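Features reported for this protein in TrEMBL:
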- 78-112: repeat 'WD' (REPEAT)
- 113-146: repeat 'WD' (REPEAT)
- 161-202: repeat 'WD' (REPEAT)
- 338-443: region 'Disordered' (REGION)
- 349-358: compositional bias 'Polar residues' (COMPBIAS)
- 359-372: compositional bias 'Basic residues' (COMPBIAS)
- 377-388: compositional bias 'Polar residues' (COMPBIAS)
- 398-411: compositional bias 'Polar residues' (COMPBIAS)
- 431-443: compositional bias 'Polar residues' (COMPBIAS)
- 607-658: coiled coil (COILED)
- 702-721: transmembrane segment (TRANSMEM)
């Protein structure tokens, strides 16, 4: 944001309670992008600066660390950031057309990759292995990179997607290493398959189309060629589907896949320059919902990974929160997916959800019953104003809710998929999705499942048409949601325990364990044990309800149980690893080496020697404590110096502004002096002309006087002669 503050909100509260405000450093114009580490401890942010900054959220002092990327260009900005799955590396896409990989363990820039000839607006990992990633640029191309094949001296993508007619604003992956979407300035979203890359001819056509765009999306009006429908495709376009209906202007608007747990990634939702939230159906390509509750451009959108909530952030300085009342199951055969218009009296706080899910079914009776059942249920919006409403609302707003790892409910028939992909093979979609945590973020890992016809029911949704009683349905919904969140929390705590165990296992015999780190490890393990015990009760409760559940819900319960068992197994393996790494051999007692033949004098000498060693150790400890105090004092001095440097930086910026203003004043004075010199020269010339005119006039006057005098003289002579 332009006020240099990063605000963290608690999504568990109904009113999005503000948890923490982080004051950003070295901000040029605005904070452009942020990303959370996989364990949720750190957040990184970028701006118009050659450094990216990392903030430790668990540190109460709020200390920030600058990570230099050392670019060549002076005007430099990182437009997109992302952590690797293990949190050891940071991937950046910048305005110089290069991608940067920063190694956090080595604390240095590891690699610089020249990927595009224009600004890189977005980067995204293909799956949780962080080996394949995508990059989208203003050149209209989306490139696929393999981390294992990259080299600083030679950077070549493994594939390219071409088909957009203008630059790419955002890239989002389904985290299955197969499907991705790109949001472009040509006002389209395209769905791509990694098994179908674009040809060189398609790339050439894309470059020509982008070069002929000739408009600046930040302030110019939308060109006429981007308003024409249906949207024509470029020759060689290999995209599976194209979605149109939203506007990409003023800023890099983001579009994402909906979460797996609640929707099975059935939808694509995007922001819009008109201030709307737009939802598309992945399979049909139709716009199924459009909400316009903001007064200005909506830059970022985020769907909660487990709860049925969507958050949008806008340039009008507000956030909008949508609550989805309930989800509907999807049948095996769907003829058409319709999008009925809302009732004219329906307000923004209560909108129908029926258009977000298919309601045209095999039986008209079932369709009528389903429509009657959902008529009184809808969405609710809560507008949360910014704390700085008096400031300029045009800011780089960003809110994110990462997509979790849960089994999917989305199926596409083999016949339709083969027809659209031009492939004769009947291969279904595969989903394996995991991302890092964000401002309102959860992260988790789950197994990959093939989306076949048996899995077409809505995983994670409540099938109310199955005849299940309301009490059983409510208990099933509550327990399933609690189990899913517990699995996510267990995996998150396991990641924290793994990082702490690595730190403890790296200690030598002469080093001591940090009490703070050890207490964190104990609290994390206690939290996992508590979660396992509570989740076991919920899983047992779900197993008792198996006889009363529908087939879809039974499949859901079985998958939750298998995921919970996998999480418990991983925690057990982590315990074994921790025991094996942290166990140390018992220190030998020096008196055990003595037998009965040792004399008392030898033992006395040994005791004296051991006492001397203890005294030396005490002295060393005192010296270490003194050094620690000195280091603490130095750290305080360094922090004070950092604060002073920041203040000096602000003062220098103010001085620079003053110098700029003085320079403008001097330029104005120089212009006035130059105009004065020109005016003086022209005045001198005019005076010279006036002087010449005066001389000529004088001559004429003298000549006329002489003529008059001559005439008078002649007249006098004539009169004299006549009188005489």
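Every residue, even glycine, has its Cβ placed from backbone N, Cα and C.
In the repeat 'WD' (113-146), the DSSP tally of helix, strand and coil residues is 0 helix, 19 strand, 15 coil. Helix, strand and coil counts under DSSP for the repeat 'WD' (161-202) come to 3 helix, 19 strand, 20 coil. Confidence in the repeat 'WD' (78-112), given as mean pLDDT, stands at 93.
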